[in-house]
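Undergrad: Just dropping this structure here.
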Amino acid sequence: MPPNATDSTFNADPESNVNNLKSVDEVPKVAVANTESYSLKIFQSSLNLLAHILIGATVWISILYSFRNGLPLGSTALHIVLCVIGYQLLMGEAILSLCPHNGWSASLRLVDKRRAHTVLQIVGSGLAIAGSIVKALNKSVNWNTLHGQYGLVAMVFTSVCLVNGLSSLYAFELRKYLPGNLSKITHICFGIVAFVTSGISLCYGFDKNGFKNWSTPALAYTSMGFTACFTAIIIINPTITFFNKTVRVFKK
């Protein structure tokens, strides 16, 4: 019985056979590309996991320090708890929720990622701002240290970022008055500044003698390293997004 013309093992066209051979030759190249892509995903996922671990360790150390004298919490202890949970935990997770390699949000739809980001950002911003106000009301002189000055910058940009973020939810309705891309770009920029300055402020907090005497200088410097490390990891994705969106705006 003659072979069927549609059989993949038989082809009367020599050019087709040559093309098939070429496609076979390209298979190793595709395999290499897939391997590189897989390796990059593993690297990015590992960084994401590391960020979660460092956030947990830093927040836990800060809370242990805050509760060292038991309840009720004083203004300084309450300030630490609210700010660390607000900035480093909730706002950090809010930023990570939009990262494509984030463990707990990777399987969510984009609309649900944005909802999670919004909820975490609102709650985190509220706690962080409240923590800053609690400490400011308890002091006669405010923002006279680097810890306080960076904390003030973080609070201001967090407040602006919160308002800007809420307005970006209605970017379509407000497009006549405010370009949607501009609203999103400024929101990302303000968020990066707020998160980075909050991390710097926390590092100056770890550098205070009160924390060093409670723990050890080694633990204080380790906590600073943890904070710097997870802050750098967290802002990678929004920084890339900010750059790409800005380039697209200027190309129009």
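Here the Cβ of each residue, glycine as well, is placed from N, Cα and C on the backbone.
From a predicted model like this one, the values you see are computed outputs, not experimental measurements.
From TrEMBL, for reference:
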type: DOMAIN; residues: 46-247; note: domain 'Cytochrome b561'
type: TRANSMEM; residues: 47-65; note: transmembrane segment
type: TRANSMEM; residues: 77-98; note: transmembrane segment
type: TRANSMEM; residues: 119-138; note: transmembrane segment
type: TRANSMEM; residues: 150-172; note: transmembrane segment
type: TRANSMEM; residues: 184-206; note: transmembrane segment
type: TRANSMEM; residues: 218-243; note: transmembrane segment
Undergrad: Would you mind listing the long-range same-chain contacts of the transmembrane segment (77-98), meaning Cβ under 8 Å and 6+ residues beyond its ends?
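TA: For the transmembrane segment (77-98), the far contacts come to 48, 51-52, 55, 58-59, 62-63, 65-67, 69, 104-105, 113-114, 116-117, 120-121, 123-132, 134-135, 138, 151, 154, 158, 191, 194-195, 198-199, 202, 205, 227, 230, 234-235, 237-238.
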Undergrad: Limited to the domain 'Cytochrome b561' (46-247), I'd like the whole-number average of pLDDT.
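TA: Here the mean pLDDT over the domain 'Cytochrome b561' (46-247) amounts to 91.
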